[in-house]
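A.B. asks: So TrEMBL lists the following for this protein:
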type	residues	note
DOMAIN	1-427	domain 'Major facilitator superfamily (MFS) profile'
TRANSMEM	20-37	transmembrane segment
TRANSMEM	57-76	transmembrane segment
TRANSMEM	82-107	transmembrane segment
TRANSMEM	114-136	transmembrane segment
TRANSMEM	142-162	transmembrane segment
TRANSMEM	174-195	transmembrane segment
TRANSMEM	201-221	transmembrane segment
TRANSMEM	242-268	transmembrane segment
TRANSMEM	280-301	transmembrane segment
TRANSMEM	308-327	transmembrane segment
TRANSMEM	333-351	transmembrane segment
TRANSMEM	402-421	transmembrane segment
Amino acid sequence: MMSVDQTIVSTALPAIQSDLGTALGWAVWTITVYSLGQVLAKPMVGRLTDRLSAKRVFLVSVTVFTLASACCGLAPNVQLLIAMRFVQALGGGVVLPAGAVIISAAFGENRDRALGLFSSIVPIGALIGPVLGGLLVHAWSWRGIFLVNVPIGLGILAAAAAQMPRTSSVRTAGTTDFAGVFLLSGLILTAMIGITELGDSGEVAIVLPCLAAAAACAFVLRGHLRRHENPVISPALLTGSGFGAMNVLNFLYGCTTMGLATLVPLYAERRYSIPPLEAGTLLTARAIGIILLSGATTFALRRTGYRLPMLGGSLLIATGLALMAIPTSLPPTLWLAITAAIAGLGMGVAGPASNNAAIYLAPDQIAEITGLRGTFRQAGSITAVSVATAVSERSGDPGKTLGLVFVAFAVLVVSTLPLLFRVTDHRGTW
């Protein structure tokens, strides 16, 4: 439900703009602010589950998400809609890390497989979001894409309260690092707003101050994390052995699988003049690829380890992206569906391994690791979309240029594959 809402609004933008009488730029912020809220919420989850139980954090986050969804559906103007989308994202961003802690506690020695499946299935929601959004807008109203979450959320709350096992904090909580929370929030918000603005208007007067503020926050936060006895994020999870490499790889994974993938329909429309509805079906091909292999790969990890699937999956993702930019004699829709499916197969192979590789290093810090993983991937997604949009829209041929951006990111993925040898490999249970 939370991942669906990341993309479900895209097909409702014209209806929102018309019904609320607002400019398209304001309507687009309903998508942007959701990404910002998700990026901001995920790193904080670890400390929340330290101070509270994971079950309690999960229930509160679903409650916040459900209430905010109702407010979004009833919003009388776009400003309130944007504000409630931010609150909705804060609630939704906490669910995955808190859920990972609960699953780990519930499945014992099979937690590696349970976590692999859980983390691999969730992103599929982002792929079906545009299709579901289009159906709800056509059959009901743009408000339906939010109000449909209310009965679902209430059902989840009832089931979780009755069936979900109790959990306790894994470590004794210390003094809350309010300064760290402030600095981390400032870093994330200024960096993401600057990068997002780069892809929208490219206003130097906005982009440069935001990026400068982000750099200043990063510099101060680096020193703060090293000095504080109980920092908001452990420095070891950012740059420690194995973690630093995984954070870079997760950023690139977000660039290619979450960011550029959402631009495939736009690429189809701009380069080949494929109708929007037909172009949207290309994401379905990618989803099929993910579904076909993610489950099998999860159960094979105990034999293959983490490096081999991540290597093979990354090569498939890079191959799919590069081939998209190459015209062929095949019908464009068929060719793009094939290449999108290749990238999807790569996600299905690499996803479960990349989801578990860092958790294996510190299984007692699942919430923090899962939250950071989501943050780096979401940041990668926002960065890739902004860079690709900024470059293509300022060129004479946006469609062809977007294809070249796909190739550039494919080359970047291949060039960073040596980082995999810094990832701790493991076979068997843990």
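Every residue gets a Cβ built from N, Cα and C, even glycine.
Describe the structural context of these features.
C.D. replies: Within its own chain, the transmembrane segment (20-37) is flanked in space by residues 5-6, 9-10, 13, 75-79, 81-82, 85-90, 92-93, 188-189, 192-193, 196, 200, 378, 381-382, which lie at least six positions past its ends and keep a Cβ under 8 Å from the stretch.
Residues of the same chain lying 6 or more positions beyond the ends of the transmembrane segment (57-76) and with a Cβ under 8 Å from any Cβ of it are 1-2, 5, 20, 45, 48-49, 84-85, 87-88, 90-95, 98-99, 102, 143-147, 149-150, 153-154, 156-157, 160-161, 164.
If one looks beyond the transmembrane segment (82-107) by at least 6 residues along the same chain, the residues whose Cβ comes under 8 Å of a Cβ in the stretch are 1-2, 5, 9, 26, 29-30, 33-42, 44-46, 48-49, 54-55, 57-58, 60-66, 68-69, 71-72, 75, 113-115, 118-119, 122, 164-165, 167, 170, 359, 363, 366-368, 370-371, 374.
Sequence-distant contacts of the transmembrane segment (242-268), counting only residues of its own chain at least 6 positions beyond either end whose CB sits under 8 Å from a CB of the stretch, comprise 7, 123, 126, 236, 274, 276, 278-280, 282-283, 286, 310, 317-318, 321, 324, 332-333, 336, 340, 343, 347, 350-351, 354, 357-358, 361, 372-373, 376-385, 388-389, 399, 402-403, 405-406, 409-410, 412-413, 416, 419-420, 422-424.
Beyond the ends of the transmembrane segment (308-327), by six or more residues, the same chain brings 249, 256-257, 260, 264, 267, 297, 300-301, 336, 338-354, 357, 403-404, 406-407, 409-411, 413-414, 417, 420, 423 to within a C-beta distance below 8 angstroms of the stretch.
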A.B. asks: Give me the mean pLDDT over the domain 'Major facilitator superfamily (MFS) profile' (1-427), rounded to a whole number.
C.D. replies: 86
